[in-house]
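Below you'll find the structure I mean.
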């Protein structure tokens, strides 16, 4: 008889505890109903990037002095710099400069240590392509100014 009463007592205590936990979860859910949505509808809304955002690297061909500091400070030796030494003026002449963004870790060391500021980080983060070889940008692609998506009339800013 006492065994039945103890089991009934334990059952009622566990039922009350379960109902209390369900009630607590329901209260948390009700508290979040009035909050605004965090999700951004990506193609139609874009996030405003911060001032120090590290996006695609912009390269200015005319400012580069071919010092190769960017290659030395890169943790993965990523920038490929091709140059010729011109005997008549005794200077290096830049032939080709390329960065593979499929491998780049966007650390920003190349931008930080460049003595002539020919490298800069842009706010462009949409680098998705179907073929990974298209992420190898040469000096022409790196010199292209980034497209500001907020100038598009169909895109709204997400705050």
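Glycine residues also receive a Cβ, built from the backbone N, Cα and C atoms like all the rest.
According to Swiss-Prot, the record shows the following:
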type    : residues          : note
DOMAIN  : 55-84             : domain '4Fe-4S ferredoxin-type 1'
BINDING : 64, 67, 70, 114   : [4Fe-4S] cluster 1 binding site
BINDING : 74, 104, 107, 110 : [4Fe-4S] cluster 2 binding site
DOMAIN  : 95-124            : domain '4Fe-4S ferredoxin-type 2'
CB neighbours of residue 64 ([4Fe-4S] cluster 1 binding site) within 10 A?
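I get 20 for this one.
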Going by C-alpha distance, which of the binding-site residues 64, 67, 114 is nearest to residue 74 ([4Fe-4S] cluster 2 binding site)?
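Of the binding-site residues 64, 67, 114, 114 has its Cα closest to that of residue 74 ([4Fe-4S] cluster 2 binding site).
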Measuring Cα to Cα, how far is residue 114 ([4Fe-4S] cluster 1 binding site) from residue 107 ([4Fe-4S] cluster 2 binding site) in Å?
14
Within 10 Å of each Cβ, count the other Cβ atoms and name the one among the binding-site residues 70, 74, 104, 110 with the highest count.
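When each Cβ's neighbours within 10 Å are tallied, 70 tops the list.
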Tally every other Cβ atom lying within 10 Å of the Cβ atom of residue 114 ([4Fe-4S] cluster 1 binding site).
20
Given the binding-site residues 64, 67, 70, find the one whose Cα is closest in space to the Cα of residue 107 ([4Fe-4S] cluster 2 binding site).
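Out of the listed candidates, the nearest Cα belongs to 70.
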Cβ-Cβ under 8 Å from residue 67 ([4Fe-4S] cluster 1 binding site), same chain, 6 or more residues apart: which ones?
115, 116
Rounded to the nearest Å, what's the C-alpha distance separating residue 64 ([4Fe-4S] cluster 1 binding site) and residue 110 ([4Fe-4S] cluster 2 binding site)? Just drop the number here, would you?
12
Determine which residues of this chain, when 74, 104, 107, 110 are set aside, have a Cβ within 8 Å of the centroid of the [4Fe-4S] cluster 2 site's Cβ atoms, and list them as they appear in the sequence.
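Everything else in range on the chain: 57, 70, 73, 75, 76, 78, 79, 99, 105, 106, 108, 109.
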Tell me the Cα distance separating residue 70 ([4Fe-4S] cluster 1 binding site) from residue 104 ([4Fe-4S] cluster 2 binding site), rounded to the nearest angstrom.
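With distance taken Cα to Cα, residue 70 ([4Fe-4S] cluster 1 binding site) is 12 Å from residue 104 ([4Fe-4S] cluster 2 binding site).
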